[in-house]
Amino acid sequence: MTLNTWIPVLALMTSLIASLVIFALPEKGYRLRTAVNLGAALLKLGLVVVMVWGVFRGVGYGVSFTMVPGVTFVLKADAFSMMFAGLSAVLWLLTTIYAVGYLEDSPNRSRFFGFFSLCVASTMGIALAGNLFTFFLFYEMLTLSTYPLVVHRGTEKALKAGRTYVIYTLTGGAVLLLAIAWLHGVVGDLPFREGGHFTGSDPDIHRSLTLIFILLVAGLGVKAAIFPLHGWLPQAMVAPAPVSALLHAVAVVKAGAFGIVRVVHDVYGVDASSALGLLEPLAWLAAFTIIYASVRALWQVDLKRRLAFSTVSQVSYIILGVSIFGPVAAVGGLVHLLHQGIMKITLFFCAGNYAETLGIHRIDEMDGAGRRMPGTSVAFTIGAFGMIGAPPLAGFITKWTMGSGALAVNMDWVVVVLVASSLLNAAYFLPVLYRLWFRKPAAHWPHERQWGRLETSAWLFWPPLLTAVMTVMVGVLASLPFSPLSWAELIVLREYSP
Amino acid sequence: MTLWLMAGLLFTPLAWAVLTLLMNFTWGRLVTWVGIVVQVLVSLGLWLAVSRDGGFYYGLGGWEAPLGIELRVDGLAVTFVLLTAVVASACGWHAGVYIDADKPWHRYFWPLFWFLWSGLNAVWLGGDLFNLYVGLELISLSAVGLVALGGKAGALRASIRYLLAALLGSLAYLLGVALIYGQFGTLSIAGVVFWLEEHPVPAGSSLALALMVTGLALKTALFPLHRWLPPAHGIAKSPVSALLSALVVKASFYIAARLWLELGEPLGNLAAAQLVGLLGSAAIVWGSWLACRQLELKQVVAYSSVAQIGYLFLLFPLTYSVSESVTLQAQQGITLQVISHALAKAAMFLAAGNLILSTGSSRVDALKGVSRFLPFSLFSFGLAGVSLMSLPPSGGFAAKWLLLQASLGSGQWWWVLVLLVGGLLSAAYVFRIYRASFLESSETDHFYHPPRSLEIIPMILALLSLGLGLVSAEVLSVMALPFEEEGSP
């Protein structure tokens, strides 16, 4: 038992213990709760930074024990897990700051932050899980701990959305459990391994492997919101803005996408998945989801719902990236895991700011909001251009890498999908930007609040600006070491030459 | 040493029972709280002894089988003895605060509680069919008495109905025992197995097994013999409901399982095994469906018991003419299901009692806004629900995983569907309660706050059921200990 075995456990424990402490704190303990929240988030970020540096140098972090006879509980840090862990650690810190401001003076804050920390603990567990069994453990924990956040407001509408969410995710979880148990029955307990396990496997089990793959993707596809399993996501937008921002744009959908990448890369292996003929259909499904959800986004009048359909579309980029059989495209898909998270959280923070400060929920109410809230609107604009894929922002790096990767393996149709999707992105974001900056504001905002010196509360003002700056930085500095792009290249290098 | 432990498990509870019978409620409570400490220590002592040295047969009082009281002290038995000590002491502690001391008839709670505990220990440790019967009757009669303590007319009706079912079940069981004695000349289960190794199976002995299992299934409330359970468990006082659902139904199932595992292979057949599994599946689906439709909180929990009991009976098909590894997985899965359901259901009933105390109504829709005012009890209820939905990391999940592996390993894939659908159905009724409690009502919220100790007890039980999954390998390892055949017939 060295320190290296304990670091992943500690990273998990920081938010778990924070959650228990917060539950125990009285509702009125506002300062102490904020201190616990921010302290745990900073501590976790520190631990993740240590692990990122260690993984880069090839240090192994991990712990495992037999949990149920025949299966082990494994926590392990590899390059890919650090990508997801890093994403959730950074964004947890920012979202906590944001949420403290957002929920000021509202009831049930102790409950909210308790479950919020529990969610982050779950995403950390998902990131660090070393086999499918452990992954499933935290995947279901994420479902359970997000439910109270979706229904947080306690209105009939929120409860209805919560119900849809639970039906989708628990059914997906049951399918996933079936797949994992079946796979365990066929081949035993497999740890995640770069390059996968099934290259040159026994042809007798190929049929089972194909069926299991379909079940795995179906189970994970619910959270990843792949068409036709995406119905819960737009509904879940009734949740408070920080929940939509971190969980629905980042943690929950990413958990699904992360799982699919794990299955393709580290359980089956790209070679074996491709040899079984599983990648091509997945690529088509992802491409269809990208276009379909973008078209649906065009017709949404509610800002958060438009962003939700945009999420459905963007998450499938990741899946499209890994299902193209070639290293460069895989880099594009993986890097989007981070890029989409940063861009989308910016947009959701901004949407929350408009709602809290001016009472704006619908797109046609946004006329002229740019002059009233310039900081937020600049952040929103950067996020939107990033999504469209304008150089040199984050989204451009993704699309460029993925497009050139697809061309390298002669899948030209992917480029068509990327271009079409970018045009659609422009079609649903540019009208919003036009309203923000060029239309005259209405006489009264729907529900305006004054916060003093800044355009809105300082807790709400800075997080979107910071993530907007990050959107620019990850694009401009993409070639530096430890940028998301370089890190994705490291992952793919280890995957394609294990 | 062993003698003292055995006497401590089987006879001191009887002594506590007699002692509390002579006292009023307050004194009875004091004696019970002292007694609980003693019993927990003794149970823990036996568990430690067996986990160190392995199991053994024990002839109580120096009388060997086939005449005396033969005890089978193995890893499984001591695990259940310890489980009983945990759940019963939690319920006893809770009852001391929860039950109102002013009603004169409430003082009978304590002697009945101790008779029940003594009967449970007798069943876990019993090695021959007649002593098992005695233990079973002790349990049933004290359980019926405890239900009747509810005091209302409904409680009396429910307890009479329970009594009739229990007696009918005992009758069927006793008939089977008589047939076994006629055919094999012994009442010891080990003796029957020994006899069968040397002789061909006598005609009609399958009937004996069928009678015993049917009687026990009635006492365990297996679908379609479950109708007596929800009224009895729903109307009893919360600590009593907890005891009944957590432990009492498990005792009769435990005997049925022991009989099946020892005698199922020679005396049973494939069709019977599949039929029992099918009835279990029907219980899961039907019980969950009815749980979704109940208006009263405790009825939801009671119907959930009907459903959860269904899982236990999957043991029958999953251990009949399958490979040894599948049998082991099925046994381990069912054992975990028994333990985790006992802990989770006790936690749930106790938490439900607290919620009812605080809202002043037993209805589900009275829970509006409770999540703001009584988060602690609601949280216990929720955590127990996680185990019932068999989601990780609970003991229920570990059980489901092992049962899935057993079903896939033996090629009986239809049970896989039952397990997955059952999990989703239980989520439907558990989330219904969550949903009701998260609803914000516009009416004034005034909830009574139950004493702190009442809130802590279900939380401890719920956490145990949740943490069980993480340590299930250790818990199960006690059962795999070598069994020392000393003193066997």
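Just so it is clear, glycine is given a Cβ too, placed from its N, Cα and C backbone atoms.
Unlike curated records, TrEMBL annotations are generated automatically.
Positions annotated as transmembrane segment by TrEMBL: A:6-26, A:38-59, A:79-100, A:112-139, A:165-187, A:208-233, A:245-264, A:276-295, A:315-338, A:378-401, A:413-438, A:459-480. The domain 'NADH-Ubiquinone oxidoreductase (complex I) chain 5 N-terminal' feature in TrEMBL is assigned to A:71-113. Here TrEMBL flags A:129-423 as domain 'NADH:quinone oxidoreductase/Mrp antiporter transmembrane'.
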**Q.** Tertiary contacts of the transmembrane segment (A:315-338), as residues 6+ beyond its ends and Cβ separation under 8 Å
**A.** 80, 83-84, 86-87, 224-226, 253-254, 256-258, 260-261, 264-265, 270, 274, 279-280, 282-283, 285-287, 289-290, 293, 397-406, 408-409, 411, 414, 417, 474, 484-485, 487-489, 491-493, 495-496
Q: Sort out for me which stretch, of A:165-187, A:245-264, A:276-295, has the most Cβ pairs below 8 angstroms to the transmembrane segment (A:112-139).
A: A:245-264
Q. Okay, the transmembrane segment (A:38-59) and the transmembrane segment (A:79-100): do they have at least three CB pairs under 8 Å, pairs separated by 6 or more?
A. yes
Q: Sort out the residues at least 6 away from either end of the transmembrane segment (A:38-59), same chain, that have Cβ-Cβ distances under 8 Å to it, and list them.
A: 4, 7-8, 10-11, 14-15, 17-18, 77-79, 82, 85-86, 89-90, 92-93, 96-97, 117, 120, 124, 482, 490
**Q.** Tertiary contacts of the transmembrane segment (A:165-187) (same chain, 6+ residues out, Cβ under 8 Å)
**A.** 70-71, 132-133, 136, 139-140, 143, 146-147, 150, 197, 205, 208-209, 212, 215-216, 218-223, 229, 231-232, 235-236, 267
(Q) I'd like to know the mean pLDDT over the domain 'NADH-Ubiquinone oxidoreductase (complex I) chain 5 N-terminal' (A:71-113). (A) 87
Q | Secondary structure tally of the domain 'NADH-Ubiquinone oxidoreductase (complex I) chain 5 N-terminal' (A:71-113) (DSSP, helix then strand then coil) | A | 29 helix, 7 strand, 7 coil
